[in-house]
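Features of the protein shown, as given by TrEMBL:
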DOMAIN    2-359  domain 'Ammonium transporter AmtB-like'
TRANSMEM  6-22  transmembrane segment
TRANSMEM  29-52  transmembrane segment
TRANSMEM  64-82  transmembrane segment
TRANSMEM  89-108  transmembrane segment
TRANSMEM  120-138  transmembrane segment
TRANSMEM  204-224  transmembrane segment
TRANSMEM  252-276  transmembrane segment
TRANSMEM  296-316  transmembrane segment
Amino acid sequence: FWDVHVQVLLSFGLLVAFLSRYGPGSATIIILTTAFSIQWAVLLQGMLHFFLNGKIYVGARSMVSADFCTAAVLISTGAVLGRLNPVQMLLLALLEVTLCSLNEYILLSLMGVSDSGRSLTVHTFGAYFGLMVSRVLYQPHQDKRKREEQQDRGHQADVFAVGSAPAPRPVLFPSGTIYLWIFWPSFTSTTSAHGNAENWAVLNTYFSLVASTVSTFILSPVLYEESTPRMVQIQDATLAGMAVMGMAGEMLVTPFGALIAGFLVGLISPLGFRFFTPVLHSRLKIQDTCGVHNTHGLPGVLGALLGTLLTLLATADTHGYRLELLFPLVAEGSRTIADQALIQLSALPLTLLFATLGGSFTG
């Protein structure tokens, strides 16, 4: 819980404080949104998951679950950063936590989907929910100044991403990217299958992280006229490398497979920023302030597809006793592995439907 909580507040929360005009205010609003979202998530998820004899039981599991839902809200705020006031942000949190909890309950409890690292229920849901809110709020004349502000990701962006504010500022902002490196394995493995000391989610996340970062160092000089990537680009690669392991992390990816997946998604993220983000704005009228589509949306979708493929390949011989931990309904014989893979795949369009409709209504 400690690792997940640090990750949500310091990594997710303070990574949005890069805009020179909105940075300090954004950090303040993020803390307010986090505090509100956690309380509302504990209540809603308590009624869905931890309700017994007329009471909501709270503990480490419920607190981690609330933090997961709060992370989805913070991802969404990245798409509309600098365009909502605190009251509007709280309204977004109120509605998104409600839909996020409902989506999670349907997927994990009713359908039996395996998504311990939350590729779908956090990364994909949060990204596309925020993008749809941004689309509804699109105002071409007012957004022109916002876009100019967004493009100001020079020195201040690197400073907030690496470690501290400029010298005149008395407050030191924690290092978002370094915290991502430290705590992401815990985030993806907290609710995964624990059978022994070999926690597959930690291992797979570990290798995906290093591969995505290396691929960004390789591709960035090709896309931009800079010999070394800026810290913001490394931050984006770190987010993408972890999001792709959300569903597949606890499955038998193997270190080699995790390296391949991380390397590929580390290429997709900068390519998305370079080519797809301008299309989002010019054609679809979606302003994505923090680029959540490239760091959470696309990697989350790819993570769901990778998890579906690994589910289809899962056997008792390869997984051993962990098959019962990962897919209890398959181990019981009430569901075949092909049925489980189909359920995993169907969870993706269902999540996208909840996110797009919910985001449109919220916007």
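Here the Cβ of each residue, glycine as well, is placed from N, Cα and C on the backbone.
Caution: TrEMBL annotation is automatic and unverified by curators.
Fewer than three CB pairs closer than 8 A are found between the transmembrane segment (29-52) and the transmembrane segment (252-276), and contact between the two stretches is not assigned (pairs 6 or more residues apart). Listed as Cβ neighbours of the transmembrane segment (89-108) (distance under 8 Å, sequence separation of 6 or more from its ends, same chain) are residues 29, 32-33, 36-37, 40-41, 44-45, 48-49, 65, 68-70, 72-73, 76-77, 80, 115, 120-121, 125-126, 129, 133, 347, 350-351, 354-355, 358, 361-362. Only sequence-distant pairs (6 or more apart) were considered; of these, at least three Cβ pairs between the transmembrane segment (204-224) and the transmembrane segment (252-276) are under 8 A, so the stretches are in contact. Against the transmembrane segment (120-138), stretch 64-82 shows more Cβ pairs under 8 Å than any other of 64-82, 252-276, 296-316.
Residues of the same chain lying 6 or more positions beyond the ends of the transmembrane segment (64-82) and with a Cβ under 8 Å from any Cβ of it are 1, 4-5, 7-8, 12-13, 15-16, 19, 21-22, 26, 29-30, 33-34, 37-38, 41-42, 45, 49, 89, 92-93, 96-97, 100-101, 104, 118, 121-123, 125-127, 129-131, 133-134, 137, 146, 149-150, 190-191, 286-293, 296, 359. Sequence-distant contacts of the transmembrane segment (296-316) (same chain, at least 6 residues past either end, Cβ-Cβ under 8 Å): 75, 114-115, 117, 119-120, 122-124, 126-128, 131, 239-241, 243-248, 251-253, 261, 265, 268-269, 272, 323, 326-327, 330, 337-338, 340-341, 344-345, 347-348, 351.
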